[in-house]
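Student: As listed in Swiss-Prot for this protein:
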BINDING   ILE44, ARG156, TYR186, LYS190, ILE221, THR223  NADP(+) binding site
ACT_SITE  SER172  active site, proton donor
ACT_SITE  TYR186  active site, proton donor
ACT_SITE  LYS190  active site, lowers pKa of active site Tyr
Amino acid sequence: MASITTTTNFFESIPRPTKTYRSASYDRISTRHGFNGTGKTVLITGGSSGIGLSIAKAFAGAGVARIAILSRSRATQLTAKAEIEAAYPSTSILLFEASVTDADRFASVLEELAGVHVLVLCAAAVHARVPLAELSGKDVQHVFDTNSVSTVNLARLYTATPGKDKTILHVSSAVAQMYAPLRSVYGASKAAAVQAMQHLAREHQGTGDRVRVFSFHPGAITTPASGAIYTPGAVQWDDADLPAHFSLWLAGPESDFLNGRYVWANWDVDELVALKERLACDGRFLTIGLVL
């Protein structure tokens with residue numbers, strides 16, 4: 001597998017709508033996010049490790065009643081449950097061992113929970129960093145099934161459940177918006193999922209339902225998957241609390257103006273709020289699509 005050895009802060013160099021680029025959490029999203037967790041249930045796919053676990057801890061810290069973690073590894077789930085409950089004993093941690101590609105199992109989880117206020121879609125699959133011709137058909141199918149098809153299916157099933165107040169936080173990737181060498185299928189799968197989330201948000205506008213859908217790049221967070229691609233010291237890593245606390249802000253009421261948009265956790269939220277008028281006037285701003 002080829003590795004990236006550049007020491008340039010590549011992600012910060014990408015054009016963005018805010019002047020300020022955040023690499024760590026800050027008070028505006030850690031304590032003044034506006035999300036009220038009282039009595040709420042949060043379901044997180046891939047929530048037993050990495051970014052998903054950081055997000056789970058953030059919601060527990062915000063006082064939600066229940067956090068349901070859906071992932072494939074029971075051992076990892078049990079470790080995550082112990083960590084969260086030790087720090088936040090008032091939050092109940094529920095574990096569901098399943099693949100996100102199993103739509104029937106996900107439907108039964110939703111039925112068992114009987115009400116989910118926030119769905120965090122964090123599970124993802126990557127492929128070897130090789131040219132497209134060197135990937136197998138099985139590789140391609142697995143990445144699209146996990147990153148695209150399951151995202152659509154889980155969002156479809158969730159929005160069909162009773163209740164009019166639902167929030168979807170889709171953890172995406174910067175490769176959804178740009179070319180990344182030797183990441184062809186991964187990038188395409190992420191872009192497809194963002195497009196689907198944009199359509200979903202539009203479908204619910206004016207229906208009377210409060211269905212909010214946000215896709216976001218979590219930042220450059222070190223995970224086992226990223227460790228297989230980047231050499232030590234090659235990337236200026238962001239703090240995992242950044243996407244975790246950004247998720248709290250997105251789940252709160254102040255982010256309504258970003259419904260259906262694609263953003264980065266690195267973008268300063270006050271500077272995003274300052275763009276509210278432009279977003280109201282330009283339905284294509286901060287979306288994935290054709291640029292003319």
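Any Cβ shown, glycine's included, is placed from N, Cα and C.
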Student: Spatially speaking, which of the binding-site residues ARG156, TYR186, LYS190 is closest to SER172 (active site, proton donor)? Use C-alpha to C-alpha, please.
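Tutor: Minimum Cα distance from SER172 (active site, proton donor) across ARG156, TYR186, LYS190 lands on LYS190.
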Student: Record lists ILE44, ARG156, TYR186, LYS190, ILE221, THR223 as binding NADP(+); longest Cα-Cα distance in Å?
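Tutor: Greatest Cα-Cα span of the listed binding residues: 28 Å.
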Student: Just to confirm: which same-chain residues, 6+ apart in sequence, have a Cβ under 8 Å from the Cβ of THR223 (NADP(+) binding site)?
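Tutor: Non-local contacts for THR223 (NADP(+) binding site): SER49, GLY50, ILE51.
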Student: Among the binding-site residues listed here, ILE44, ILE221, which has the most company in the form of other Cβ atoms within 10 Å of its Cβ?
Tutor: ILE44
Student: Other than its own, how many Cβ atoms are within 10 Å of the Cβ belonging to TYR186 (NADP(+) binding site)?
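Tutor: If we count other Cβ atoms within 10 Å of TYR186 (NADP(+) binding site), we arrive at 22.
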